[in-house]
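Step one of this worksheet: look at the structure below.
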Amino acid sequence: MSSPSLRYAAGVAPSRDAELDELRALIGLTNDIVHVYDADGHYRKVFETPTQRLIRPAVELLGRTVAEILPAEQQRYVRDRLREALATQQPVPVEYELRVGAGTMWLRGVASPISTDAVLWVARDVTERKRAEDRLRRREQQLAEAQQIAHLGSWEHDLGTYTLTWSDETYRILGVAPQWFVPTLRSFMARVHPDDRARVRRGMVEARRRTDGVSVEHRVVRPDGQVRVVLAQSRLEHEDGRPVRVVGTLHDITERTASRDALREQQEFLRQVIDTIPNLVFAKHRDGRFTLVNKATADAYGVTPEELLGKTDADVNADAAEVEHFRRDDLAVMDSLTERFIAEEPVTDPSGRTRWLQTVKRPIVSADGRADQLLGVSTDITQRKHAEATLAQFAAIVASSTYAIVSTDAAGTILSWNPGAERLFGYTDEEIIGRSVAVLRPVAERAGLAERLDRMRLEAPVYQREEVRIRKDGAPVDVAVSRAPIRDEAGRFVGVSAIYHDITERLTAEQRLLAAREAAEAASAAKSEFLANMSHEIRTPMNGVLGMLELALDVAASPEQRDYLGVARASAESLLDIINDILDFSKIEAGKLELDVAPFRLGEAVADTVVALAVQAHEKGLELTVDVAPDVPVTVTGDVGRLRQIVVNLVGNAIKFTHEGEVSVRVALLAETTRDVTVQLSVSDTGIGIAAEQQRAVFEAFAQADASTTREYGGTGLGLAITERIAALMGGRVRVESEPGRGSTFHVTMTLGRGDRDTAEHAALAPAELAELAVLVVDDNATNRHILERTVAGWGMRPTAVADATSALAALEDGVARGAPFDVILLDAQMPDVDGFALAERVRENPRLTGATIMMLSSAQQRDAAARCRALGIARYLVKPVVRASLLDALVASLGGRQAPTAGPPRGPSPTGVPPREAAHAERPLRVLLAEDNPVNQRLATVVLQQRGHAVTAVPNGRLAVEAWQRASESTPFDVVLMDVQMPEMGGFDATAEIRRREAERRDAGRGGTRTPIVALTARAMKGDREACLAAGMDAYLSKPLRSHELLAVLDAVRPVRDDEPAVDRVALLATVGGNRVLLVELVDLFLEQSPSLMALIDAAIADGSADALRRAAHTLKGSLITFAAQRAVAAARALELLGDGDLADPRVRAEASAARAVLAAEIERVRERLVAEARA
């Protein structure tokens, strides 16, 4: 049978009925339902299909309405859909559930209008599909619920369309609503925490490359600001071998992360807890591995906890026997399921030392009743073991000690008693323990036990005393007792520990020693007194001898007489030097040698002292040089007298032991601070030297390198011993470098205070006019050349040094040829072959070389030197060693056109530091009261003073001196009193005290009167003499034998000032600076700079009541004023200095000091005006 389509194809046109039949046949072959309805819901056509037959045969529906066939809710739905199709003339989907037999069927179709009043509805049984959809929907709902419960959202990113799809849970996790939020990569990244975006972007890139998936944990920020932690996981999917999408999940792990962090914190807390525990905490597995260790355990093995986990005892313990012991012990605990306590066991640590542990091991039992692990806690009892051993050792010591060791409780009841206590006190421990310790004390002391215990309880003293105790037999015993409180761990006082030692023999020995020491001190005092008296007795006639020799030398008629007298004076001076050495050594031995600290110019002090010894060196044909390093400070503070003594001793020895060559003195700076400088004085010679084995001996008292009977060199043997002790007082030491036949070098270090002006000496006074001048130094001695070359270079001059006349002439010719002739020539007078004078003559004979200024330097004074210098036009003649200041003065004077002296260096200050005042002596005679019991000394002083025009009244004792002063005070008072300290009837101290008392009475009575200067004269020369004189009210101090220049200088220093006295003595001032106005300007500037600060110190001292500070400041200012010959100001400063010896706390003394300060200020202003005028001139 052919199909309708074939018939149509053949072109045969079917009839309408046939066509309808054919349509029914075709529809009947389908499973669809085909109905035609009218507007009212009548079934107009119903096609019979298998599905239709299942529901209801078609014939049962024709002519009927849906209202008759369908349930009410479905008929309304169908009627509405049909009317909608007719109204809109558009197909309308229709789907509803229909009850069929015992079940239901879902129909889904389309109602299509075929006319204005008819609708074709074609539907299909979708029951299975609906059921599948329902199942899928339920699964999706379940999935959504699961995602919501698990906080797990899903997403899909289509790589072709770039669309991003999120599940509802993803929206919830991000805190956004689906209806208001479009999921895109950009909108998602906006929700990612800013700090995590870079990591998320890297994850996205990785997700498109990798097929094994990518996980990224990051944070998202919800619109309300809430931060959530999510885990994003993604996987790349492929189709036909190409990537098409990325699917993934977004898991909210905020709570899990918080739990994880909390767990981690808890674990870390527990870790810190067990790490804080000082005990060793560990867990071990049955196989021996450590599964848990704390820090203490790891530290015990010298590793970290991480390094120890998983290791066994064998990995960290080299002792195989110990390892095996631990293994068996651990297994026994786990197998027996019982806890084990090990009181103590030795363990070897990694360093090989044995440590002692106390351990508890407990099995960790699992649910099945087995124990595969154990937990252990060990306590290190090593210190306890050591303490026990120490305690045992201490107990043994206590038991064997010869000392009595006793302990009591807080009430004084004896608790312990060692054998030493039994031997000392006679009680056995059974007899004494439990009794009060008061039984050991004398009866009179027993009542104070409670008070002593209370004091120890409160003050906790640990002290030693020497006391008396009572033995069992009642005999007293001297003991040294040491007590200490015993306290418990809480610090409560619980008892006393005491140690007693029998000191009976020691006290007996000390009494003998004390008696011996007192005898020795008495002998030493007697020796010191003997030396003082000897000094007085020897110095008194020596004073007369030296004084008369000086007077005889002044009137000696012939050279022969002067020679004899000179030898006698030199012998007397030598004898006096020996006496001084013995006295100095006696002071050192008695500990009475002290330093008199004051500011001084270090380089000048050394140089001046060496210059004084130049004659001795020159007489032996020795070259004597002085070299002060440029960096040595100019001004320092120290004892300049003791420094000079060191220089005299060392240079004197060097000259004595050197037959030819030279003696060199060098001063160098070793170290400095803001307050102190350490310098080294070195004295080198080319003499006989000292053997190594004798070098230490030369510093011993009365020892000499030459101890032979011939005694070629002589001397007391005390010089170096005294030098060493003085150096020690100055904070230094003395050492020697020497080799027999090659000379010696003695080095002395000393620490001195830094002075006010800390500039280098060579630059301190250098005028600008010396700069760039060319100097030719001619000297055959290399040391001299070096010193002179460095000295003038320091002044800015340009030196050239040569060793002989030939080289000198060549250098002079070369300078002229170069157009740079020399400005100055410094010539050594004594040179081999051609001496300095011959060289000067050759220079003067050459017209090309006559422009230079020539200065001659000689190692000895020559009788015809002055005449030869004048004849040769030599500007200056200086005697070596040339002191830097003298050379500078000579250069300035010569180059400035001053007339040269005929011979000798320019004058400097007198040995005492007081400016020369011959003019003052001549113009103002003084009335002097001389109290001196020795006729020779009295005659000497009288002649010296009368030769200077002074009127002298001499008395032999202090009583007559007081009476003479009293008589004169009523009419014409004495200007000065010279008072011997030791005199019959009334000594100098008593006489001075009486004069001062009477002066005070006159002032208190309103009768006026001034303070009479009193100068002490003493031959004792022992420590404290100067201080005692000043304390007694005297104003100055002179040690015998008297030198005329010293006597006149001190007389000039203390003499009263006339009302018409000028502010500054111009003659004396110019004499002080040797006529060098450049030096004068420098000194004036220095004074103007320093005087205000010194006055401020005086003001502060008066305000603070500090007598010492007042005395020091006034003394320093007085020294500066003496330099300028300002006598009125000097007197005012001296008055303040004397008030510094009084009690400034006394209002009367303080008022006197304020008044004296006002006088001083006025005088200083007068001095300042005069000095400024003089400097400008």
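Each Cβ is built from the backbone N, Cα and C atoms, and glycine gets one as well.
The model shown is predicted, which means the values in this text are computed figures rather than measured ones.
The average pLDDT computed over the domain 'PAC' (214-265) stands at 89. Taken from TrEMBL, the feature domain 'PAC' applies to 214-265 (among others).
Summarising the annotation, TrEMBL assigns domain 'PAC' to 341-393 (among others).
For 463-515 (among others), the entry in TrEMBL reads domain 'PAC'.
Summarising the annotation, TrEMBL assigns domain 'Histidine kinase' to 533-754.
Marked as domain 'Response regulatory' by TrEMBL: 774-895 (among others).
Under the three-state DSSP scheme, Asp828 (4-aspartylphosphate) falls in the strand class. As annotated by TrEMBL, 4-aspartylphosphate applies to Asp828 (among others).
Per TrEMBL, region 'Disordered' is recorded for 898-920.
The compositional bias 'Pro residues' annotation in TrEMBL covers 903-914.
Look at TrEMBL and you will find 927-1055 (among others) tagged as domain 'Response regulatory'.
For the recorded site, Asp980 (4-aspartylphosphate), the DSSP three-state label reads strand. Taken from TrEMBL, the feature 4-aspartylphosphate covers Asp980 (among others).
What TrEMBL lists as phosphohistidine is His1115. Under the DSSP three-state reduction, His1115 (phosphohistidine) is assigned to helix. Spatially close to His1115 (phosphohistidine) yet at least six residues away along the chain are Ala598, Ala1133, Glu1137, Gly1140, judged by Cβ distances under 8 angstroms.
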Which same-chain residues, if any, lie at least 6 apart from Asp980 (4-aspartylphosphate) yet have Cβ under 8 Å of it: Ala931, Glu932, Asp933, Asn934, Asn937, Gly988, Leu1017, Thr1018
Within the domain 'PAC' (341-393), residues counted as helix, strand or coil by DSSP: 12 helix, 30 strand, 11 coil
Tally of DSSP helical, extended and coil residues in the domain 'PAC' (463-515): 12 helix, 30 strand, 11 coil
